[in-house]
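To start, the structure under review is shown below, and the notes come after it.
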Amino acid sequence: MSKRLRSILTPIIAVLLGIIVGTIIMLVSGYNPVDAYTALWNGAFGDVYYTGEVIRQVTPYILAGLAVAFAFRVGLFNIGVEGQFIVGWLAAVWVGVAFDLPKVIHLPLAIIAAMVAGGLWAFIPGLLKARFRVHEVIVTIMMNYTALHTVNYIIRTKLNQGSAKTGMIHESASLRSPWLQELTTHSTMHWGIMIAIACCFIMWFLLEKTTRGFELRAVGFNQDAAHYAGMSVNKNIILSMVISGAFAGIAGAMEGLGTFGYMAVQGGFTGVGFNGIAVALLGGNTALGVFFSALLFGSLKIGALSMPLEAGVPKELVDIIIALIVFFVASSYIIRVVLDRFSKKGVK
Amino acid sequence: MTLMQILMIVIPSTLLWAAPLIFTALGGVFSERSGVVNIGLEGLMVIGAFSSIVFNLTFVGTFGSATPWIALLVAMLAGAIFSILHAVASITFRADHTVSGVAINLLATGLTLFLVKLIYNKGETDIIKHGFSKVDIPILKDIPVIGKILFQNTYWTSFVAIIVAVIAWYVIYKTPFGLRLRSVGEHPMAADTMGINVTKMRYLGVIISGALGGIGGGVYAQSISSNFSHATISGQGFMALAAMIFGKWHPLGAMGAALFFGFAQSISIIGSSLPYLKEIPDVYLLIAPYVLTILALTGFIGRAEAPKADGVHYIKGSR
């Protein structure tokens with residue numbers, strides 16, 4: 001079996017296995033899977049409103065997925081997307097609230113602020129990895145909680161507008177569009193999806209078509225070889241974390257400037273960062289793969305909201321399915337072994 | 001408020017918050033000493049919290065005041081069984097340990113909330129009637145000064161946690177089992193050459209971590225939150241992970257770190273009612289465990305080094 005075919009088959013099999021186990025769980029718990037999946041489908045694509053919601057949900061997923069994928073390609077595991085996302089969200093909202101500028105300046109400025117905030121938040125684990133060889137997984141986890149508590153503190157004490165949230169951003173920093181909302185019968189869809197798609201393209205171009213991207217990938221493949229070829233491993237490690245964090249920051253800006261228009265005190269993590277890991281893994285850490293798997297997870301998440309009412313099935317079923325998909329993708333070794341065995345039998 | 005009074009408030013509260021962290025951090029030590037990274041501690045705590053609360057609510061009529069302890073055993077069993085998933089994925093299926101841990105966390109939250117809705121038809125469980133309650137430890141409570149601070153108005157679970165930490169230290173450092181466990185985490189090929197079954201030891205390490213993580217969740221749910229909802233365990237498992245690292249992968253170190261983090265957590269909650277401490281914004285206390293862990297890893301506070309083969313798959317025949 002060719003490598004290319006296998007790399008496409010593995011995620012598809014993982015998704016199928018996830019859905020099969022999800023079905024078994026529903027059968028065991030006495031729910032009707034057909035009703036549930038029908039509700040899920042209609043809840044995602046049954047109406048133009050739902051499609052708008054799906055696109056809105058897919059937007060941060062794409063960017064969070066790109067963030068995780070970008071670091072993965074350089075051999076780093078950025079679990080800290082959640083923290084960088086939160087920091088970016090706050091930065092974007094802060095710029096949106098604090099300044100009064102024409103839209104052509106204000107909106108890009110807010111997004112850049114989010115990029116910078118996310119990038120800086122990821123710079124720390126990158127620097128520690130490069131300078132002290134500290135494992136980035138642990139540092140980024142710790143940075144997640146640091147971000148959560150710090151951001152909550154800033155909202156409560158500095159940006160508070162009476163309730164536990166910031167003020168609304170000015171219209172000139174908003175990604176919302178009455179036209180898009182009208183088009184999707186008043187969904188919360190906004191222009192962010194264009195930015196997300198552009199970022200997919202940027203990631204592909206950066207990694208595949210530039211010298212810098214070649215260096216980054218080389219470090220990901222083999223640090224020693226890259227070092228021997230005269231590339232600065234440390235510089236590339238830091239750079240990749242910063243770019244990854246910038247993507248995560250933009251994802252936060254999508255929530256701040258598009259979906260909500262403000263930021264509230266967060267009781268816990270939003271889950272976007274962790275779903276980003278699922279998105280990146282399923283998408284094989286490529287820009288195109290991330291796009292499609294974000295589409296899948298976004299539809300699942302939005303579709304799930306209709307399941308309790310339409311089929312009486314708790315929406316958490318979808319979280320179980322997503323977790324299972326991550327499991328099966330992670331265990332792709334065993335899927336590959338089985339595939340190889342089958343294809344060998346076919347040859348004989 | 002005298003110093004004595006302050007200590008009588010702060011120390012029992014520290015012990016209360018530290019107990020779940022100690023159990024779970026010890027779980028992390030067992031898993032990582034055997035060479036399997038366990039980011040899934042959070043999920044294992046969720047499973048433990050859920051199963052203990054459900055058992056407690058269901059059987060409180062049958063077992064009366066012994067219910068919380070039996071529920072803790074149930075939580076232990078549930079955690080151990082759930083952790084087998086992580087073991088299978090990361091040892092047998094050669095999944096990336098971190099990814100598998102993330103999946104464990106996602107699955108635990110999804111599954112338990114799904115089951116809560118299935119069983120109780122609402123988003124959270126009722127509040128348990130018989131949790132772990134405050135006790136005075138017999139005999140020890142009569143020691144002058146110390147007795148009043150340490151052994152009055154406190155919880156049995158905190159002392160069990162400390163005893164378990166000492167047992168864990170003995171098992172890992174003083175028994176043949178512990179030596180084998182550490183050897184597969186440091187150099188699995190050498191261990192294999194000496195006839196140690198690497199796969200078996202790693203499975204055991206992960207399952208023990210599941211059992212201890214389950215207990216940690218059960219203790220938290222039955223002494224602090226008293227019910228189960230999506231927010232019951234939010235970050236406790238990761239804080240336990242931090243305690244394990246801050247304690248340099250050593251059972252007693254992990255216990256010390258967990259006590260310290262428990263102190264920080266309890267101060268962030270009760271600090272506003274205490275003199276001097278109410279001046280400190282609680283954000284510093286909330287982020288202290290995480291920031292300190294980063295500093296410890298970096299080497300500013302004594303360098304923390306992971307076991308050599310932590311997170312590395314052992315594939316027979318490869319060098």
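Glycine is treated like the rest: Cβ placed from N, Cα and C.
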B:178-197, B:258-277 - the one TrEMBL records as transmembrane segment: B:258-277
Selection from B:6-31, B:43-63, B:203-222, B:258-277, the stretch that has most Cβ pairs under 8 A to the transmembrane segment (B:69-89): B:203-222
Same-chain residue ranges lying at least 6 outside the transmembrane segment (B:155-173) that approach it to Cβ under 8 Å: 12, 15-16, 18-19, 22-23, 26, 29-30, 33, 132-135, 137, 181-182, 212, 219, 223, 250-252, 254-255
The transmembrane segment (B:101-120) versus listed stretches B:43-63, B:203-222, B:258-277, B:283-301: most Cβ pairs under 8 Å: B:43-63
